[in-house]
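Peer 1: Mind having a look at this structure? Questions to follow.
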Amino acid sequence: MDSLIEQTDKFSNTGKQMLIGLHLGNGYGSQPGAWRMPGVDPKSYTSFDARVKQAQAAERGKFQFIFLPDGPGAIMADIETESPTFNLDVMLALAAVARETEYIGLVATGSTTFNEPFNLARQFKALDVMSHGRSGWNAITSSGEDVAANYGRRIPSSEDRYGRAHEAIQLIQSLWGSWGKEAWVHDQESGHFAKEDQIVPINIQGKFVGSRGPLYIPPSEQGQPIIFHAGGSPNAHKLAGRFANAVIGAAFTIEDARAQRNAFREAAKRYGRDPDEIKYIPGLMTTIAKDRRTALDRRIQLTEHLFPQRVAYLQQMLGIPLDYARLNEPLSNEQLGAARPYPYDPRSSNALKIAKEGWSLKDILAHGVIDYHPVIVGPGIEAADHMQEWFEAGAADGFWISPDVNADGIDAFVDEVVPILQERGLFHQDYEGKTLRKHLGVPDQYGIDPRV
Ligand SMILES: Cc1cc2nc3c(=O)[nH]c(=O)nc-3n(C[C@H](O)[C@H](O)[C@H](O)COP(=O)(O)O)c2cc1C
């Protein structure tokens, strides 16, 4: 029976502190026009130095991790005018960052659908050793046909994708554990390099993947990398509930985020794990400036070229015709009276709420009502309030932040939002340790988890 106490326990975040991650993609930031902004190196797409600098900015703000999404491939909106969204290569980017930072966790997506598990096991554990225990693997199943096409394949059924993912993660964790914790002797005096009997093949052959092993990589300072997951289907809940310690999420409302967080926690419980071992981390996009007007103007500068198509989409969200020629005017009382939020887009109610506040059509769009996470366009305190509200409502264990423009948007968050969260006791003052496991507060694990 779900007693009231248990219900409260599901959501409660009392006495805890939130986690913060930074989204690092193409090097420019999350807004389409970021590459053209003043002060931005237009060649950041190929600059590993830019990634390093941005990760260092996040480390200055004590962020627990950076997160590099990946296809693998490239999401391309319009290569004539926009940068692709992803890194050139996530593992090379993280290797560069690992050498120039000391604390921040290094998390990247690695597809279980299109990679051989042995390759993933080797790359992520090598990164873990290189970074002294800071690596995390976002173990996802691929769902885009554009990605599949890069491998000359089609996207398999959900059943097959998740079947392979379950096998791949178990196999990879087995490979990670195949070099025994105490196997490495490296004693120059005696000439004993390693204990052969503690470095053993895994000999796993499943329906989808297999490997003999062992993997010739000793443990890192955190043992082995941490598993992340991203996805929202029941299959995703199950996979994450079984293996993940963190979930990269996307939710537009507290209610939705709470439901998602709870679904992952319940799934973890079903595998005999403590629900607190899995952290739900939804996204937040930011344009931080001294006041709302300045922030809106910055957003207009970034995205104005997209307004024609966005006005067209906003019409659908609000269910009323909109006049592009009246971009600088608020919606009329008549329009507002007739507007109805489009039920199939969870962002529609927020768009209507902003419209009813009397902002011009241009400013409504500049609030980011058509972006892919909740958006803060304003002073730092507004971001801090949002994060506190969601965190205390049990809707999030933390947030992954997508600044509009990385070149100055990460610093703006670090200088204007982090101190408020720290003052309120909601975010740590300093790193608790030097490994990602310590930052996330997840239990030690080496090899597979015998409980699942
Ligand atoms: C917040 C979030 C981040 C994601 N990041 C990635 C990513 O970096 N790479 C990728 O291929 N898929 C990514 N996905 C997609 C999921 O892994 C998955 O393919 C998709 O949600 C469909 O899953 P389903 O088959 O369980 O419905 C992400 C999904 C979410 C919600």
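The backbone N, Cα and C atoms fix where each Cβ goes, and this holds for glycine too.
Heads up, here are the entries from TrEMBL:
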- 41-395: domain 'Luciferase-like' (DOMAIN)
- Asp70, Thr109, Tyr162, Ser233: FMN binding site (BINDING)
Peer 1: For Thr109 (FMN binding site), which DSSP three-state class applies?
Peer 2: strand
Peer 1: Can you tell which of Thr109, Ser233 has the most other C-beta atoms within 10 Å, given these are the binding-site residues?
Peer 2: Thr109
Peer 1: When the Cβ positions of the binding-site residues Asp70, Thr109, Tyr162, Ser233 are compared with the atoms of ligand 1, which fall under 6 Å?
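Peer 2: Among the binding-site residues listed, those whose Cβ sits under 6 Å from ligand 1 are Asp70, Thr109, Ser233.
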Peer 1: For the domain 'Luciferase-like' (41-395), what is the mean per-residue pLDDT, to the nearest integer?
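Peer 2: Average per-residue pLDDT within the domain 'Luciferase-like' (41-395): 96.
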